[in-house]
Amino acid sequence: MRFDKLTTKFQQALADAQSLAARNDHPYIEPVHVLAALLGDPDSGAASLLARAGVAVNRVQPAIDSALKGLPQVQGDDNVQVGRELQSVLVRTDKEAARRGDTYIASELFLLALADDKGDAGRILREAGLQKKALEAAIDAVRGGENVSGAEGESNREALSKYTLDLTERARQGKLDPVIGRDDEIRRTIQILQRRTKNNPVLIGEPGVGKTAIVEGLAQRIVNDEVPETLRGKRVLSLDLAALLAGAKFRGEFEERLKAVLKELAQDDGQNIVFIDELHTMAGAGKAEGAMDAGNMLKPALARGELHCIGATTLDEYRKYIEKDAALERRFQKVLVGEPDVESTIAILRGLQERYELHHGVEITDPAIVAAAELSHRYITDRFLPDKAIDLIDEAGARIRMEIDSKPEVMDRLDRRIIQLKIEREAVKKETDDASMRRLAVIEEELEKLQREYNDYEEIWKAEKAAVQGTQAIKEEIDRVRAEMAELQRKGQFDKLAELQYGKLPELEARLKAADSAEREAGESDSGKPRLLRTQVGAEEIAEVVSRATGIPVAKMMQGERDKLLRMEDFLHKRVVGQDEAVRLVSDAIRRSRAGLADPSRPYGSFLFLGPTGVGKTELTRALADFLFDSEEHMIRIDMSEFMEKHSVARLIGAPPGYVGYEEGGYLTEAVRRKPYSVILLDEVEKAHPDVFNVLLQVLDDGRLTDGQGRTVDFRNTVIVMTSNLGSQHIQSMAGKPYEVIKEVVWDELKHTFRPEFLNRIDEVVVFHGLEAQHIESIARIQLKRLGERLEKQEMRLDVSDAALAEIARSGFDPVFGARPLKRAIQQQIENPVAKLILEGVFGPRDVVPVDWQDGKFVFTRTLQ
């Protein structure tokens, strides 16, 4: 017989048999080796075929092992040959293939030949219950009336079980999540499926709106007999395109597999509905030069109604791939799946609540569900409901479960800090100077304090963890019982159903109630101590997840933050002197937004700061960023003098398609995408090209901006500050006049420079006063304090006398240039002389650097601290 006429599976089995014989030092390959190889390969299908023929497969393997041990062994001879008995069986296999009209010899015919074999392999199968007629019937059933005409003839059998996932079976087992709502879409899908031709719906919607869930809902309705008569008993099979493509090395293999799937579907007489997720991947799948792709192979079956198909894809991909192929598009009927509103999302989350509680072993409260829907809708703008809301619930549950299973976050932070200090202690121990010794004492003291705190927390944690036991296992048992009850109800076995419903289920629910109350009592008994383990997901936990994901502080304000907001003016006045109106207006805007009273569709605040140079416009913006985020890093500063040309607008929002830099994104839009909660400073705004203001219109009004790539960037959580020197000559000339009078004059000047629609969208135009002599002294004190902080890092202290302070303020005061000359005065009169004295060794660690004004000059006299 010709070995090249064996199927790939049979060739593989013979090669495995040869390896098995060589490993066991058998000189000849016998039928029992081939039988062992066939049963050892899960992809061969031999085991399932024998089981279908009534053979007790579990009795075959031990008998094969025993027969292999009884074969003669030859040491040192690697030349393994085909035995006479195997040759005889292969000849009979060849004759059987010829009788059946097969071009290639398949492995199941080898099993058929073994039925008449007098050797060990035939005896083992007959003892396990093999009958030739039963095996022939099983082979005919598997082949489905087809001959083996190719080397891959065996591989493409039972293609549906290999390349699809049965969603109706998963629904029967209770493995699918419940589908809430979407009744109109499911009804429309059923309606299309009942058509005579072109009965193929395609679900089109944005990612995460629930397209796959609609198909799962259909599968659940079929299982529960909640569908029209024509759909009852049908199966919904999800096509696994990755499995179809994987391992198809040569041209034609993928097409053979897909053809086998289509053939089995045609033979099932419409009993199967195929679901193709990401339908656009079929258009072009397996495409090679001169070959058909999967989409073209599906067209005839779709048009004739042989293939019941449900597709799912996004709007963009449908337009890009499916609409281009008009012949494929006309075979599908569109079902548009929109994004559910917040109320519908809350209903969906309530339906999924029990599943997520069971998975994470925590309790999800109703306020958490409402918060997940509302906060995700407001703050996560680049994704869609209900997916983004489900993600919040899932992540909050995972976070609390992680705290229960591992160390609580507060203990973990303490542990890491202790390790860090221990490493630092070992490094400092090697040094002998005074500074290192002092640092070592500080480290030892802090370590002792942290270790005590850690030990206290550890005691509380162990006690709480001991209390939180048992509820998870009981909940899982209740879930299993409910799934079993649903299956019994479908089968009509009401006696067993009643036994579970009125016996086992109430008992489990009573146990769960007792375990919950014990857990609550454990948490309440130590009310004086902090509770480490949380077992509930509440609105606060959802807000924490949103805050971490977006950087936006949406969590409920703690008392400390409330007090901080009420004293906001005091904080800003520490850095900005003499601008009471500006500080008050900015503080009011921030308080409105944090209290939840501001318009949620606009930025927190948009201000135009006007005034002469050096009066604190930019400094107030820096102070605001420092107040909100404890860091000036969250200030996005854009110098508008860089945008003087018309084409420079593209730098703000990104270049349009076809231009260089399209992939890079815009300077402003990318910065806000990364830090959605920030202060945006547009410095010297009057120097920008007028077209730049057209871009800012939608930012100021709607809190959104579309970048060059078509993505919407959310500005609703930003504070926008624009600074300008316009009208500064009026402000200086009208010094001392009422604020409203000055503002009126400056407003007239603004109207000549900016368009009305731009000015109309700004929340407040803030006029900064020119600085006076008493303001300069306060600013000098702030500047000298910063210099003192820099000296403290070198273990020196700055001491400036009142006379020196007054002289610095006098020499640094210039009504035209504001506070900037003061900085230069401090540099020249204080910093330069002190720098020389430090380098000369006059001042060193633990010294006081005194600054005094005597006899018309600054004096620096060294004294020990």
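Keep in mind that glycine also has a Cβ here, set from the backbone N, Cα and C atoms.
According to DSSP, K211 (ATP 1 binding site) sits within a helical segment. On its own chain, K211 (ATP 1 binding site) has L203, I204, G205, D277, A312, T313, V337 as residues at least 6 apart in sequence with a Cβ closer than 8 Å to its own Cβ. Summarising the annotation, Swiss-Prot assigns ATP 1 binding site to G205, E206, P207, G208, V209, G210, K211, T212 and lists similarity to another entry as the type of evidence.
For P612 (ATP 2 binding site), the Cβ neighbour count at a 10 Å cut-off comes to 22, with all displayed protein chains included. Per Swiss-Prot, ATP 2 binding site is recorded for G611, P612, T613, G614, V615, G616, K617, T618.
Feature annotation from Swiss-Prot assigns coiled coil to 390-524; the stated evidence is similarity to another entry. Looking just at the coiled coil (390-524), the mean pLDDT is 77.
As annotated by Swiss-Prot, domain 'Clp R' applies to 3-145, with the evidence given as sequence analysis.
Taken from Swiss-Prot, the feature region 'Repeat 1' covers 6-71, and the record attributes it to sequence analysis. According to DSSP, the secondary structure content of the region 'Repeat 1' (6-71) in residues is 46 helix, 3 strand, 17 coil.
Taken from Swiss-Prot, the feature region 'Repeat 2' covers 82-145, and the record attributes it to sequence analysis.
The region 'NBD1' feature in Swiss-Prot is assigned to 158-339; the stated evidence is similarity to another entry.
The region 'Linker' annotation in Swiss-Prot covers 340-551.
What Swiss-Prot lists as region 'NBD2' is 561-770, and the listing cites similarity to another entry.
In terms of DSSP helix, strand and coil, the region 'C-terminal' (771-865) has 51 helix, 19 strand, 25 coil. Annotated region 'C-terminal' per Swiss-Prot: 771-865, in sequence order, evidence recorded as similarity to another entry.
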Sparsest-packed of the listed binding-site residues (P207, G208, G210, G611, G614) - C-beta count within 10 angstroms: P207
Cβ neighbours of T212 (ATP 1 binding site) where a neighbour is any other Cβ within 10 Å: 16
Pairwise Cα distance for G616 (ATP 2 binding site)/P207 (ATP 1 binding site) [Å, integer]: 47
Cβ-based isolation winner (fewest other Cβ atoms within 10 Å) among the binding-site residues V209, V615: V209
Which listed residue (T613, T618) has most other Cβ within 10 Å, given these are binding-site residues: T618
Remaining residues near the recorded ATP 1 site, that is with C-beta within 8 Å of the centroid of the site residues G205, E206, P207, G208, V209, G210, K211, T212: A312, T314, V337, E339, F384, D387
P207 (ATP 1 binding site) versus binding-site residues P612, G614, T618 - nearest by Cα: T618
Lowest local Cβ density (other Cβ within 10 Å) among binding-site residues: G205, G616: G205
Other CB atoms within 10 A, centred on E206 (ATP 1 binding site): 16
